[in-house]
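Colleague: So TrEMBL lists these for the protein:
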- 48-67: transmembrane segment (TRANSMEM)
- 79-100: transmembrane segment (TRANSMEM)
- 150-276: domain 'Palmitoyltransferase DHHC' (DOMAIN)
- 196-219: transmembrane segment (TRANSMEM)
- 239-265: transmembrane segment (TRANSMEM)
- 359-373: compositional bias 'Basic and acidic residues' (COMPBIAS)
- 359-404: region 'Disordered' (REGION)
- 420-451: region 'Disordered' (REGION)
- 430-443: compositional bias 'Polar residues' (COMPBIAS)
Amino acid sequence: MNGLQPPRPDLADEANRDGFIRTYKAWKGSNVFVLGGRFIFGPDVRSLFFTIFLIVAPVAVFCVFVARKLMDDFPHHLGISIMAVVVALTLSDITLLLLASGRDPGIIPRNLHPPEPEGYEGMTEVRPGQTPPLRLPRTKDVIVNGISVKIKYCDTCMLYRPPRCSHCSICNNCVDRFDHHCPWVGQCIGLRNYRFFFMFVFSTTLLCLYVHGFCWVYIRRIMNGEEATVWKAMTKTPASIVLIIYTFISVWFVGGLTVFHLYLISTNQSTYENFRYRYDRHENPYNKGVIRNFVEVFCTSIPPSKINLRAKVLKEPAIAPRTVSGGFISPNNGKAIGDIEMGRKPVWDEALGDISDYEGQHSVDYGDKDSRLPDVSPDLSRILPPDNTEGRGVMHHPRRSSWGRNSERWEISPEILPLSRIGESKRMNGKSNGESTNQNQQFEMRLSTVK
């Protein structure tokens, strides 16, 4: 009333948003997001358009050159139904494809920090040059339906994967009940989209059989109408010949895939488990019987997503040096880094190099002389060299390192610094010796000239 106006809601919201971003903008995986994070796709989402083209193009040819002609040969309602059924199958097929491709397949959120190992009781005194005493175990045993199952630690996501979970090297995410990464769908197939994937493959098989069958019906109508042989009738409808060949080849692919996944569903396996663990050789802890296995896939509710891509999170600040004083390290520390599930190669050979080549590129922190263990960045804690690599430095490799991917600052351990100083002193001594030798030679030449 006194000339004061209430704050504008948009300005207040802008102030609240300051320092916050949507989760999908801070996403560390390789996914592609559409409509502000409402749809999530794999990094190979472009293949989805090619898959749609492979479905729509032959159906369009069928409607124009086959179904439209059959509408005139059959009674009115029956002729229209031929066209209507193929259009309905196509629309349902594309809808199932998009449902399988554009939704969260069951991604497990990453941890910001690795879990504390069992028996951890706080700060542990570690002397320079010594490995911390506690180490995260690479695997753990859990009981599933009375059977012991091993779960693995994921260095990228910094968590122990739940049973049936695996890390997709293409999407760079841990996916619950991981089946496979489908390049035709452009997405991982997991717990939350497997049902739609199977229905897509099955409906594609029905569509191929439908088009293939009515192409033969049209050829038969030509044979009866003109009293021609099958070869002569084929020459009058080349579009039918092309569609027959196309659908015959396609049905072997999608039909075989349908049969294979029917077997997997009946035995409660995933594609990954079938090729990796071979449950036919030992007991499958997830098998509940054929009927209950089908009910689990098709009749149970889909669990909610564990990630909220529209939620607001703080912008990730620059990663500060991390003190290794907790007394535990990554399971891969002290050995070649490589995720078995992701198929990454060990990086010691490419990570190790002469520290003199990178002199001046890394920030060196000598630390306090009284401190037991210096500050090191998460990357260096991940890529500490083994015992047999003394005198060689470490090069930052952004695609290999999992901790501190956004770190732009390196802190080099004091154990490495004396080696670099020794190398530097050797280079300085060699340089001074070379200069003194050149001066002696010049002095002798002058003496000879004077004489």
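Residue 1 is the first one shown; counting continues down the chain.
Including glycine, each Cβ sits where the backbone N, Cα and C put it.
Quantities reported herein were computed from a predicted structural model and do not represent experimental measurements.
Burial and contacts for the listed features, if you can.
Modeller: For the transmembrane segment (48-67), the list of distant contacts is 41, 82-83, 86-87, 90, 93-94, 97, 101, 184-186, 204, 207, 211, 214-215, 218, 237, 239-240, 242-243, 246-247: same-chain residues at least six beyond its ends, Cβ to Cβ under 8 Å.
Listed as Cβ neighbours of the transmembrane segment (79-100) (distance under 8 Å, sequence separation of 6 or more from its ends, same chain) are residues 48, 51-52, 55-56, 59, 62-63, 67-68, 70-73, 182, 185, 187, 189, 193, 196-197, 199-200, 203-204, 206-207, 210-211, 214.
Within the same chain, residues 55, 58-59, 62, 66-67, 69-70, 82, 85-86, 89-90, 92-93, 96-97, 99-100, 103, 179, 182, 185, 189, 230, 233-234, 237, 240, 243-244, 247-248, 250-251, 254-255, 257-258, 261, 265, 297 sit at least 6 positions outside the transmembrane segment (196-219) and bring their C-beta atoms closer than 8 Å to a C-beta of that stretch.
Sequence-distant contacts of the transmembrane segment (239-265) (same chain, six or more residues past either end, CB-CB distance under 8 Å): 58, 61-62, 64-66, 198, 201-202, 204-205, 208-209, 211-212, 215-216, 218-219, 271, 274, 293-294, 297.
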Colleague: Would you mind giving the whole-number mean pLDDT across the domain 'Palmitoyltransferase DHHC' (150-276)?
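Modeller: Looking only at the domain 'Palmitoyltransferase DHHC' (150-276), pLDDT averages out to 93.
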Colleague: For the domain 'Palmitoyltransferase DHHC' (150-276), what are the DSSP-based totals of helix, strand and coil residues?
Modeller: 75 helix, 19 strand, 33 coil
